[in-house]
Amino acid sequence: MLIALLPGDGIGPEVVEQAVRVLNVVTDKLTYETAPVGGAAYKAQGHPLPAATLDLAKRADAILFGAVGDPDCDKLERHLRPEQAILGLRKELALFANLRPAKLFPELADASALRPEVATQIDMVIVRELNGDVYFGEKGMRTTAAGLREGYDIMSYDEGEVRRIARVGFETAQARNGKLCSVDKANVLETSQLWRDVVIEMSADFPDVELSHMYVDNCAMQLVRNPGQFDVIVTGNLFGDILSDQASMCAGSIGMLPSASLDDKQKGLYEPIHGSAPDIAGHGKANPLATILSAAMMLRYSLGLPDEADRIEAAVAKALAGGARSPDLGGTMTTAQMGDAVLAVL
Ligand code: NAI
Ligand code: MG
C-alpha cells in the first residue's frame, strides 16, 4: 500500500520522521513516497500544493501529513500561503469527515486544563463535518436600509450531507462503545432541525448504537463539567470546529492529539492537530506522539490494519507510563528520544 508522506514545514518533517520509524516496526506492507507541501513547496516550486504533490495524494492509499505554515511566507497573497495546501487537499480529495480523538492518558492528568479527577476520564472522538455548513454557504457584505454595513454567511445542510457524516458517526460509535451523541442547535436553527430529523431516521439502521442529542451550548458546558460522559460526538462544521478545539485542551498538550480527515471511501489524510510550531522547529523539542498516533489511525481507518494500530497506541501509553516526556509534557526528551521510547516498547 502506498503512503503519501507530506511532511511540510517547521516541525512537520521532524515528527513525520518518527512516525515512519514506528510504522516500519509494526508493518512491512507499506511503501512511501514523499512530496513537498506548504511553505517548503512554495520555496522549491512556487506553489504550496504543486500538481505533483496533489497527484501523489490522489494516487496514494493514505496520506500522512505533518504541518504547514512558515513565517517567511506570511506576506504572500492568500492563494500562495502554506495553509492553502491543507484546504486544497481537503477540497480536492473530498475529505468531508474529520475525526478527532481526544484522549487523556492518565499519566498526563496534570497537563489537562481540567481538574485531575475530572480529566482522567477523557476518551472521546469528535466527528466533525468538514465540507459544508456556514463556512461554505453564500457569504458577502451589503448595506442595510439604514445604511449600516452588514456581513452575512448562509448556514445550510442538505439531507445527503447530513446522512453521510451521520453514517461516519454511527460507524465510529459501533467500533467503540456504541454510544453516539449528536450535537446541534435544533431549538433555534432550521439546519439543526433537519440534522436532528435525519440522524433520528438513520438510527433505525443502527439499532446497536445508543443515540442521544445535545444542544451545542450545553455540550460546551458538559465537556468541561463531565467529559467522561462522551464517547462519540457527531456534529456540523462550525460546532465541531469549536468543540474539538475545546476538547483538545481538556486532554492536555497539543502535541498529543491526532486527527483523520476521510472521504466516503477509505481514503484519508492523517495529521497531528498542531501546526508547524516555528518557535521550536529545528531544536528537537517537538513531541512526535500526535503524529505517531495519527499514523495509528491511518492503519485503522484506511489500511485495514487495526491490530497494528492497537499496538502503536498501547506502546505510546506504555512509553508515557515509563516516563517518556518531551518539553511540552514537562520533560527534557528530544523528538528522536520520544520516538526511541515508543520503539523500545514495540
Ligand atoms: P502551532 O500548533 O504550530 O503551535 C502552538 C504552540 O504549541 C507553540 O508554542 C508550539 O511550540 C507548540 N506546539 C505545537 N506542536 C507541538 C508539538 N508537537 N510538540 C511540542 N509543542 C508543540 O500553532 P501556531 O503557532 O498558531 O501556528 C504556527 C503555524 O502553523 C502557522 O503558520 C499556522 O497557520 C500553522 N498551522 C498549521 C496547521 C496544519 O498544518 N494543519 C494547523 C494549525 C496551525
Ligand atoms: Mg479550529
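For all residues, glycine too, the Cβ spot is worked out from N, Cα and C.
Noted in TrEMBL for the protein shown:
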BINDING   ARG90, ARG100, ARG128, ASP217  substrate binding site
BINDING   ASP217, ASP241, ASP245  Mg(2+) binding site
BINDING   GLY275, SER276, ALA277, PRO278, ASP279, ILE280, ALA281, GLY282, HIS283, GLY284, LYS285, ALA286, ASN287  NAD(+) binding site
DOMAIN    2-342  domain 'Isopropylmalate dehydrogenase-like'
SITE      TYR135  site 'Important for catalysis'
SITE      LYS185  site 'Important for catalysis'
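With respect to ligand 2, the binding-site residues ASP241, ASP245, GLY275, HIS283, LYS285 contribute ASP241, ASP245 as residues with a C-beta closer than 6 angstroms to one of its atoms, given in sequence order. The two recorded residues ASN287 (NAD(+) binding site) and ARG100 (substrate binding site) have their Cα atoms spaced 18 Å from each other.
Close to ARG128 (substrate binding site), meaning Cα to Cα within 10 A, are the following recorded positions out of LYS185, ASP241, ASP245, ASP279: ASP241. Within 10 Å of LYS185 (site 'Important for catalysis'), counting C-alpha to C-alpha distances, fall the following of the binding-site residues ARG90, ARG100, ASP217, ASP241, ASP279, LYS285: ASP217. Looking only at the recorded positions TYR135, ALA281, HIS283, LYS285, the one with its C-alpha closest to ASP241 (Mg(2+) binding site) is TYR135. Its Cβ taken as reference, ASP217 (substrate binding site) is surrounded by 12 other Cβ atoms within 10 Å in the chains shown.
Put simply, ARG100 is the one of the recorded positions ARG100, TYR135, ASP217 whose Cα lies nearest to the Cα of ALA281 (NAD(+) binding site). When the binding-site residues ARG90, ASP217, ALA277, LYS285 are compared by Cα distance to TYR135 (site 'Important for catalysis'), the shortest distance belongs to ARG90. Checked against ligand 1, the recorded positions TYR135, GLY275, ASP279, ASN287 give GLY275, ASP279, ASN287 as the ones with a Cβ under 6 Å from it, listed in sequence order. ALA277 (NAD(+) binding site) counts 23 other C-beta atoms within 10 Å of its own C-beta, drawing on all protein chains shown.
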